[in-house]
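Since the structure comes first, as structure tokens, the remarks are kept for the end.
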Amino acid sequence: MTLTTEKQVKVVVDRDVVPTSFEKWAKPGHFSRSLAKGPKTTTWIWNLHADAHDFDSHTSSLEEVSRKIFSAHFGQLAIIFIWLSGMYFHGARFSNYVAWLSNPTGIKPSAQVVWPIVGQQILNADVGGGMQGIQITSGLFQLWRASGIVNELQLYVTALGGLGMAGLMIFAGWFHYHKAAPKLEWFQNVESMLNHHLAGLLGLGSLSWAGHQIHVSLPINKLLDAGVAPSSIPLPHEFILNRNLMAELYPSFQQGLVPFFTLNWKQYSDILTFKGGLSPVTGGLWLTDVAHHHLAIAVLFLVAGHMYRTNWGIGHSIKQILEAHKGPLTGEGHKGLYEILTTSWHANLAINLAMLGSLSIIVAHHMYAMPPYPYLATDYPTQLSLFTHHMWIGGFCIVGAGAHAAIYMVRDYSPTVNFNNVLDRMIRHRDAIISHLNWVCIFLGMHSFGLYIHNDTMRALGRAQDMFSDTAIQLQPVFAQWIQQIHTLAPGNTAVNALATASYAFGADTVTVGSKIAMMPIKLGTADFMVHHIHAFTIHVTTLILLKGVLYARNSRLIPDKANLGFRFPCDGPGRGGTCQVSAWDHVFLGLFWMYNALSIVIFHFSWKMQSDVWGTVTSNGAISHITGGNFAQSAITINGWLRDFLWAQASQVIQSYGSSLSAYGLMFLGAHFVWAFSLMFLFSGRGYWQELIESIVWAHNKLKVAPAIAPRALSITQGRAVGVAHYLLGGIATTWAFFLARIIAVG
């Protein structure tokens, strides 16, 4: 008889790699030999911030970089849990949540009370429910109701749970860097990672949410919708433990799991529905539809989490899948991409940021077209805030994708790995790509802007009949209208038992809650056609800048050795007629401004369109009255209309907010304009000017024998641009925030 030795379990961690040292952490710049020496000039503090998280500059070991990123992720999660915990704590301690639950259409959500130090209590408005506070627009009240939270105690407990999770995350971050640090092969085991993330995070995550919705949220929301007082609703565990209690609300519970195992699944159609449309009581998606959706998603992801080959020799191999992708025109196709994505975290991050950013923008649009939570659709300030928020997040992620793709090109790109594959072929015909994209941008910009200029001119000359408008020369968005019609009619054939189309934005009825419009068909016309082409123009220009930055990150005709200069450098000397703003970093810098341009027009379009054509009230006899009375179609077709009827007309609330509970927005509007203007000082002025000024100030200090030990230095060119764009965006975003909220809280 022969004995086979058992296969040893693979150890994928190293023990006690980095000692835990508070002395080391207390030393600023401990990660860099030059920074650890301490400051000689004021540039030191800038370099400290620039390099603290640039792990590539700390070490050349990919394993060590991977461990630092992994550990930092736990730190990030800890911060998120603390932040969430604070949100829930405010809901428990400083809010009118329970009052709002009993009258969500009449009471405004508030979870913040301003302390009266020097008269700030003016900001505490009468929001209803016996509460004086600031109206919040985060949508958390609606989310809590959908979760089945009915009292402050549940919010307190969840807040404590968040702090507990934060502590766990901080511990995990320390443990997996100092005590048991994963080896590089663990980080590069993509099949195992895919299986765990798909089946664990997305599959079991969706399944547990579906379970919570079915066993806790559905019964509680059904009782709330029926008008039962929050204080009389049974506690969540009673619904879970007492089947009879559930069966009163959802009869299929009486049958237990028998229908599941006998495949008689239609018995569960009272908890897992396919109604479509919105609930007429809450104006949100049917929660039974949402539970069904999460159950289906869970099944899909649990299957997906078993698709990739690990220890059992069955399933997909990512490397094989990628290398099989060879088209007739793509040479070696995706060969080499596996090596890129397992050795360059910048390349990996670039793809993930592009995906996540696009997803955030998709979420922004679904939140109003298919509002997921009860009473969200009629809370106009929250709807506007959620749209704006998800658009900004998406824009920043997509620009970040351009940034990290360019860093990959500069730091991690290998010409031997990328021979004649899709990336190499993109780089080899980059001139054709960029010049064509540039032509598209000029075409879109000239024509879309030209339509507006034409209309402004005709209106100024009093020739309304010669304008592009719904009442003169029509430019109807026929393709969009066709898609709307298909989506309105199709469910009648594809989902015969559904009550309504997926979104009322396409067509069908007007949904009202109380007398407020939750959602209704969004009619598209000439004004939408015109502004959509401005969207196309700004998106293409942003793409042009970012893509040019990536494709020319390593070299160009102007600077053949660009890769040697690094990711960020101000210029390559004064020759060749000037070489400024050619670094990959500068393309990201310029791309941020166009991202801001693009998104400003998107959120302005959304804000005005919804106020003009969707949001408003319905009288008892069915007459619809919109906030701005449908003025979008005739006003948004000229530049003057945008300036006069949107920006100026709707700024009256923020400009006249002084002395009211909205006065903070008036001050923010003013202050944010100042921050924005302050940015121009950094963007329109050269470094030499400031260095000269500093030297004359230092001379005066020397005369008085009060010269500092740390020599002052002007910001470098790149630092100045970074400070400039940061204040430009911060000022612009905060100005928009104040403008939007003062307006919509006053009229919405």
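Yeah, the Cβs are placed from backbone N, Cα and C, and that goes for glycine too.
Bear in mind that the values here come from a model prediction, so they are computed numbers and not experimental data.
Quick look at what Swiss-Prot lists:
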- Cys571, Cys580: [4Fe-4S] cluster binding site (BINDING)
- His673: chlorophyll a' binding site (BINDING)
- Met681, Tyr689: chlorophyll a binding site (BINDING)
- Trp690: phylloquinone binding site (BINDING)
- 69-92: transmembrane segment (TRANSMEM)
- 155-178: transmembrane segment (TRANSMEM)
- 194-218: transmembrane segment (TRANSMEM)
- 290-308: transmembrane segment (TRANSMEM)
- 345-368: transmembrane segment (TRANSMEM)
- 384-410: transmembrane segment (TRANSMEM)
- 432-454: transmembrane segment (TRANSMEM)
- 529-547: transmembrane segment (TRANSMEM)
- 587-608: transmembrane segment (TRANSMEM)
- 662-684: transmembrane segment (TRANSMEM)
- 722-742: transmembrane segment (TRANSMEM)
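Everything Swiss-Prot records as a feature, shown here on the structure.
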residue: Cys571; record: [4Fe-4S] cluster binding site; Cβ neighbours (10 Å): 16
residue: Cys580; record: [4Fe-4S] cluster binding site; Cβ neighbours (10 Å): 12
residue: His673; record: chlorophyll a' binding site; Cβ neighbours (10 Å): 15
residue: Met681; record: chlorophyll a binding site; Cβ neighbours (10 Å): 13
residue: Tyr689; record: chlorophyll a binding site; Cβ neighbours (10 Å): 10
residue: Trp690; record: phylloquinone binding site; Cβ neighbours (10 Å): 17
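When the stretches 69-92, 155-178, 384-410, 432-454, 722-742 are ranked by Cβ pairs under 8 Å to the transmembrane segment (662-684), first place goes to 722-742.
It is 432-454 that, among the stretches 290-308, 384-410, 432-454, forms the most Cβ pairs under 8 Å with the transmembrane segment (529-547). Taking every recorded stretch in 155-178, 290-308, 432-454, 587-608, 722-742 and counting its Cβ pairs under 8 Å to the transmembrane segment (384-410), the highest total belongs to 587-608. Distance noted between the C-alpha atoms of His673 (chlorophyll a' binding site) and Cys580 ([4Fe-4S] cluster binding site) is 29 Å. Cβ atoms under 8 Å from those of the transmembrane segment (155-178) belong to residues 16-20, 67-68, 70-75, 77-79, 81-82, 84-86, 88-89, 91-93, 97, 144, 149 of the same chain, restricted to positions at least 6 beyond its ends. The two recorded residues, Trp690 (phylloquinone binding site) and Met681 (chlorophyll a binding site), show a Cα separation of 11 Å. DSSP classifies Trp690 (phylloquinone binding site) as helix under the three-state reduction. In this structure the alpha carbons, written CA, of Cys571 ([4Fe-4S] cluster binding site) and Tyr689 (chlorophyll a binding site) are 18 Å apart. Calculated from their C-alpha atoms, the gap between Tyr689 (chlorophyll a binding site) and Cys580 ([4Fe-4S] cluster binding site) amounts to 17 Å.
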